[in-house]
Amino acid sequence: MISAVFGKRRSLSRTLTAGTICAALISGYATMASADDGQGATGEAIIHADDHPGNWMTYGRTYSDQRYSPLDQINRSNVGNLKLAWYLDLDTNRGQEGTPLVIDGVMYATTNWSMMKAVDAATGKLLWSYDPRVPGNIADKGCCDTVNRGAAYWNGKVYFGTFDGRLIALDAKTGKLVWSVNTIPPEAELGKQRSYTVDGAPRIAKGRVIIGNGGSEFGARGFVSAFDAETGKVDWRFFTVPNPKNEPDAASDSVLMNKAYQTWSPTGAWTRQGGGGTVWDSIVYDPVADLVYLGVGNGSPWNYKYRSEGKGDNLFLGSIVALKPETGEYVWHFQETPMDQWDFTSDQQIMTLDLPINGETRHVIVHARKNGFFYIIDAKTGEFISGKNYVYVNWASGLDPKTGRPIYNPDALYTLTGKEWYGIPGDLGGHNFAAMAFSPKTGLVYIPAQQVPFLYTNQVGGFTPHPDSWNLGLDMNKVGIPDSPEAKQAFVKDLKGWIVAWDPQKQAEAWRVDHKGPWNGGILATGGDLLFQGLANGEFHAYDATNGSDLFHFAADSGIIAPPVTYLANGKQYVAVEVGWGGIYPFFLGGLARTSGWTVNHSRIIAFSLDGKSGPLPKQNDQGFLPVKPPAQFDSKRTDNGYFQFQTYCAACHGDNAEGAGVLPDLRWSGSIRHEDAFYNVVGRGALTAYGMDRLHGNMNPTEIEDIRQFLIKRANETYQREVDARKNADGIPEQLP
């Protein structure tokens with residue numbers, strides 16, 4: 001009990017005894033201000049999470065991942081009185097995607113670069129902080145920012161993954177290291193290519209910590225691992241795609257060798273690139289079915305013809321796979337996108353519900369996945385029940401009502417036709433990692449939906465991989481939007497974002513809330529008939545859960561992509577969210593991503609209550625990277641190759657066609673482009689490796705790096721006056737740049 005800070009609220013009971021502690025020699029350190037003793041949640045406590053509604057004990061609050069809290073002190077009648085209670089500035093102004101946990105008044109929040117913080121949930125006072133010291137050169141091994149989506153809590157320990165592939169257990173009271181393991185075994189690496197990263201939240205099931213990874217864009221063979229929560233010893237590992245030689249190597253051996261291998265070509269590029277199928281987000285334990293569900297990712301490479309010679313369904317890409325938590329043994333699977341060639345992962349949030357269907361209540365999985373369809377699947381057997389598109393789709397006309405298999409639009413099979421395909425949804429999906437929520441009071445699922453088209457174009461001349469780069473099998477010179485006002489205006493008209501309130505019983509939309517653009521935050525539903533969501537334009541909103549009416553908004557000054565949580569501290573209800581825009585949408589879409597609303601990142605955690613007394617957030621820079629007049633001369637004979645090299649190695653972080661969205665440096669205005677040696681010192685020699693800009697000397701020669709510099713000077717000259725003019729409005733903030 002920690003009465004000094006948390007009053008007389010009853011703590012969770014500790015139902016498991018501490019096991020063996022395994023020390024690990026790993027870099028990292030904790031700094032501690034002061035900490036009080038929160039007690040340990042266990043699986044039994046999480047199963048009965050509603051007995052402790054003031055806590056947020058696991059990623060989705062309960063094992064069902066519904067992100068619904070019964071707390072109702074804050075409700076429709078008084079939410080307009082909500083005020084900022086406290087804020088805590090974070091270490092880095094990059095994207096923040098984490099779901100904080102709150103156990104007995106202590107908040108455990110993971111932040112960018114895999115840092116962990118324990119915070120007094122009533123005051124925002126930092127109790128301790130742990131930095132695992134992720135090497136800066138790991139940043140370019142991941143597709144979509146060095147984010148972290150959250151932690152797990154078990155028996156007095158807090159667990160989280162690091163971007164360089166570790167799983168760390170800390171003492172929740174002190175922040176001291178208990179154990180640390182490398183989750184990426186040597187046999188998972190592809191020769192010298194190590195592209196695995198970890199940014200998802202681990203999950204706890206029956207005393208095991210389960211974690212996946214990402215990396216399919218570079219070349220990876222997906223898997224999940226389960227570790228003993230007390231010791232860190234690996235219990236089992238399940239690969240999601242076969243061994244290319246069809247040899248045994250994990251708990252997945254039997255099903256991969258007997259069921260999955262024949263769905264792949266024996267000689268496609270997957271045998272060298274790993275095949276993909278990384279489980280980078282959704283892992284759910286269901287105590288009702290006693291199963292662990294995995295959301296399996298896209299292929300590596302994306303291009304189906306190159307990956308598997310255009311043959312087979314490629315199990316278990318784009319699938320939900322159910323395993324036994326004790327052993328990792330396969331139980332069932334349902335493949336949502338056979339023959340994936342659009343980056344239609346199944347990693348999006350898996351939620352379980354008890355749903356009335358044809359006169360009986362069935363325990364089901366509901367899944368609003370990237371491909372634009374809302375699936376209802378029997379949670380115990382994997383039987384397809386129904387599916388309906390929740391956003392506009394043009395790649396399929398629907399799903400087979402018996403099997404759930406997509407009814408493909410033949411033109412969408414671009415890898416087989418050899419023609420370009422303007423896909424909706426595009427690779428970012430109708431729903432991505434941003435959490436959806438369910439309210440048992442309304443019976444609705446609330447989806448942070450979006451529309452971001454993508455031009456799919458085959459890589460010419462066959463598949464040619466590039467080390468430490470995206471290897472999609474696409475022509476990266478053509479997937480970008482041309483730099484013309486007409487082309488950009490046409491594309492911008494197709495960029496959309498909404499809350500879609502979906503009735504799962506009717507498989508129909510109930511209503512929607514329109515947003516300025518895509519890439520908004522996750523959603524929280526509460527017993528006060530409220531929905532909370534942060535937006536890309538820096539606003540934090542509360543909506544009426546029955547009809548979507550906007551009841552409250554707050555200027556957070558930075559874009560929000562994280563999902564909110566709610567909890568009790570000293571008997572008072574709070575709502576909190578991590579602030580900081582990032583991820584692949586602003587990274588790659590660059591200037592076009594500003595259509596969702598321009599903000600400059602000032603990453604922090606903010607918390608609200610009905611009697612908050614923090615006052616407004618401090619005024620900070622809101623103009624971002626200012627344009628600097630570039631050198632006037634460039635070599636036009638080198639800029640075409642510079643564009644190719646930039647799109648291959650640089651665009652995923654610094655923006656399509658070298659236009660940044662303000663999260664990472666906009667290279668058009670970098671002082672280094674003025675001097676050949678200065679630019680090579682950064683790009684070739686790695687002068688800024690500690691900050692996440694790894695050296696590319698091993699992948700490009702000095703001539704190719706200089707070609708990039710010439711291209712950047714060209715782009716700076718083409719866009720300088722446009723950017724200057726955009727900052728001449730009353731607020732000095734860039735408007736949309738068509």
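First residue shown is number 1, and so on along the chain.
Backbone N, Cα and C atoms are what each Cβ position is placed from, and that goes for glycine too.
Within ASP171, ASP253, ASP343, the residue that Swiss-Prot lists together with GLU217, ASN298 for binding Ca(2+) is ASP343.
In terms of Cα spacing, the binding-site residues GLU97, ASN298, ASP343, LYS370, ILE584, CYS653 that come within 10 Å of CYS144 (disulfide bond) are ILE584, CYS653. Of all the binding-site residues in the list GLU217, ASN298, HIS654, MET693, the shortest Cα-Cα distance to THR278 (pyrroloquinoline quinone binding site) is found for ASN298. Counting residues of the domain 'Cytochrome c' (634-738) by DSSP class, helix then strand then coil, yields 61 helix, 0 strand, 44 coil. In this structure, the C-alpha atom of ARG149 (pyrroloquinoline quinone binding site) lies 15 angstrom from that of CYS143 (disulfide bond). For the pair CYS653 (heme c binding site) and CYS143 (disulfide bond), the Cα-Cα distance reads 8 Å. Excluding CYS650, CYS653, HIS654, MET693, which define the heme c site, the same chain contributes ASP140, TYR649, ALA651, ALA652, LEU664, PRO665, LEU667 within 8 Å (Cβ to the Cβ centroid), listed in sequence order. In the predicted structure, the domain 'Cytochrome c' (634-738) carries a mean pLDDT of 84. Taking ASP343 (Ca(2+) binding site) as the reference point, the binding-site residues whose C-alpha atoms are within 10 Å of its C-alpha, out of LYS370, CYS650, HIS654, MET693, are LYS370. LYS370 (pyrroloquinoline quinone binding site) sits 30 Å from MET693 (heme c binding site), taking the CA atoms of both as reference points.
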